[in-house]
Amino acid sequence: MTVATDPREEINGKKHFQVIEDNDDGEEDVAEVDLSSTGSYLKKKKKKKHRKKKAEQSDPPRVGLSKLFPNNVYPEGEIQPYKDDNAWRTTSEEKRYLEKLANEDPQTTYQNIRRAAEVHRQVRAHARKYIKPGMSMIDIVENIEDGTRSLVEEHELESGVGFPTGVSINNCAAHYTPNAGDTTVLKQGDVLKVDFGVHVKGRILDSAFTLTFDHTYDSLLEAVKDATNTGVREAGIDVRLGELGGYIQETMEAYEVEVGGKVLPVKTIQNLSGHSIGLYNIHGGKSVMQVKNDDMTKMEEGEYFAIETFGRGHVVDSGDCSHYAKIVDAPKIPLRLQSAKTLLKNIDKNFGTLPFCRRYLDRAGETKYLLALNHLVQQGIVRDYPPLCDQVGSMTAQYEHTILLRPTVKEVVSRGDDY
């Protein structure tokens with residue numbers, strides 16, 4: 001309780017003061033005191049204190065995180081200690097100091113990726129409840145992207161969508177998002193992979209999950225989730241990427257799935273991989289294959305990785321392309337098409353080297369741009385990412401997490417209560 005005095009005017013030649021007592025119950029006791037005679041209380045009343053109501057997330061989520069976390073400190077991801085030869089890092093004073101310096105630097109602070117991760121958790125929590133058979137793929141992706149833009153408080157290249165929302169179905173494993181006019185509708189028996197990203201100052205959070213609407217492929221989902229968790233658990237500083245692929249493969253291929261009375265082995269998709277993540281660069285240069293291989297490249301301190309696994313077999317480019325990205329070290333080539341020059345300026349302004357899709361170009365005001373876009377692809381300035389599909393009739397699943405190899409511990413920044 002605090003007490004403050006508030007002087008008042010003279011009444012009938014007597015000085016009066018107001019005494020305000022701030023009680024623990026959130027109310028103020030207000031009394032006027034006559035100090036010229038007995039000093040007794042003349043009157044006492046209670047005055048309500050107005051307390052600021054704590055901000056809450058809306059449904060669907062559209063409240064920016066700065067209102068929910070006004071101190072700009074965001075939840076830490078799941079912490080996993082390093083093992084074996086790197087166990088010493090957890091208690092190393094030198095590594096703790098390096099971590100402190102990194103977190104205090106605005107360019108390397110972990111708060112950026114944690115903010116992106118919290119956006120992802122809140123948006124996907126709604127998406128997992130919201131997505132139902134009968135919905136169009138356009139409605140599904142726009143709901144996710146509207147939530148992402150609102151929560152991350154999209155602002156030019158400072159923060160926004162990390163890459164186009166992937167909603168690949170059944171035998172299509174990755175890189176499908178609907179273009180304008182796509183009328184595809186989600187069906188009851190579909191296996192849907194939802195893969196979307198969030199970035200804050202170029203730190204990209206990449207995470208994915210799979211939804212089904214009956215129990216036919218429960219074992220497939222369990223196998224892929226377990227394989228991803230194995231990859232996350234075995235990843236770490238100095239781990240060789242080829243060996244990590246072997247751990248993932250061993251876990252996934254221990255599973256079987258029964259479909260229509262027939263027992264089928266679960267297989268890894270051998271030509272899809274996880275990857276390191278650079279600043280404004282979703283594919284940072286290192287690949288985490290899902291099968292054992294001879295890659296002796298090591299994971300290194302301070303790196304970000306997307307550990308993702310897919311269950312089935314082998315994918316090929318198939319279908320209408322929607323995903324594109326400007327190549328990080330794109331050559332500076334004179335462009336003969338004026339439309340390509342104009343489009344490239346728009347790409348630089350709105351996306352930089354972040355992936356985009358045709359719907360995003362529509363949103364940025366571009367029209368009749370396909371000829372110019374294909375010219376940029378042909379000149380090696382922009383790369384296209386067509387849908388990646390397995391053989392027709394097969395079913396694929398995906399789970400993915402972003403991890404940060406901090407100096408002292410591994411942080412699974414995208415971990416949530418759901419997966």
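Heads up, the Cβ atoms here are built off N, Cα and C, so glycines get one too.
TrEMBL: automatically predicted annotations, no manual curation.
Record features, source TrEMBL:
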- His175, His283: substrate binding site (BINDING)
- Asp195, Asp206, Glu400: divalent metal cation 1 binding site (BINDING)
- Asp206, His275, Glu308, Glu400: divalent metal cation 2 binding site (BINDING)
- 1-13: compositional bias 'Basic and acidic residues' (COMPBIAS)
- 21-32: compositional bias 'Acidic residues' (COMPBIAS)
- 42-54: compositional bias 'Basic residues' (COMPBIAS)
- 112-309: domain 'Peptidase M24' (DOMAIN)
- 1-81: region 'Disordered' (REGION)
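Separating the Cα atoms of His175 (substrate binding site) and Asp195 (divalent metal cation 1 binding site) is a whole-number distance of 9 Å.
Distance between Cα atoms for His283 (substrate binding site) and Glu400 (divalent metal cation 1 binding site): 14 Å, as a whole number. Within the model, the domain 'Peptidase M24' (112-309) carries an average pLDDT of 96.
His275 (divalent metal cation 2 binding site) has a Cβ environment of 19 other Cβ atoms inside 10 Å. Other than Asp206, His275, Glu308, Glu400, the residues of this chain whose Cβ falls within 8 Å of the Cβ centroid of the divalent metal cation 2 site are, in sequence order, Asp195, Ser207, Ala208, Gly274, Ile277, Phe305, Ala306, Ile307, His401, Thr402. Glu400 (divalent metal cation 1 binding site) and Glu308 (divalent metal cation 2 binding site) are 4 Å apart (CA-CA, integer value). Counting only residues at least six positions away in the same chain, the Cβ atoms of Gly162, Phe163, Asp195, Gly197, Ile277, Ile282, Ala306, Glu308, Glu400, Thr402, Ser414 sit under 8 Å from the Cβ of Asp206 (divalent metal cation 1 binding site).
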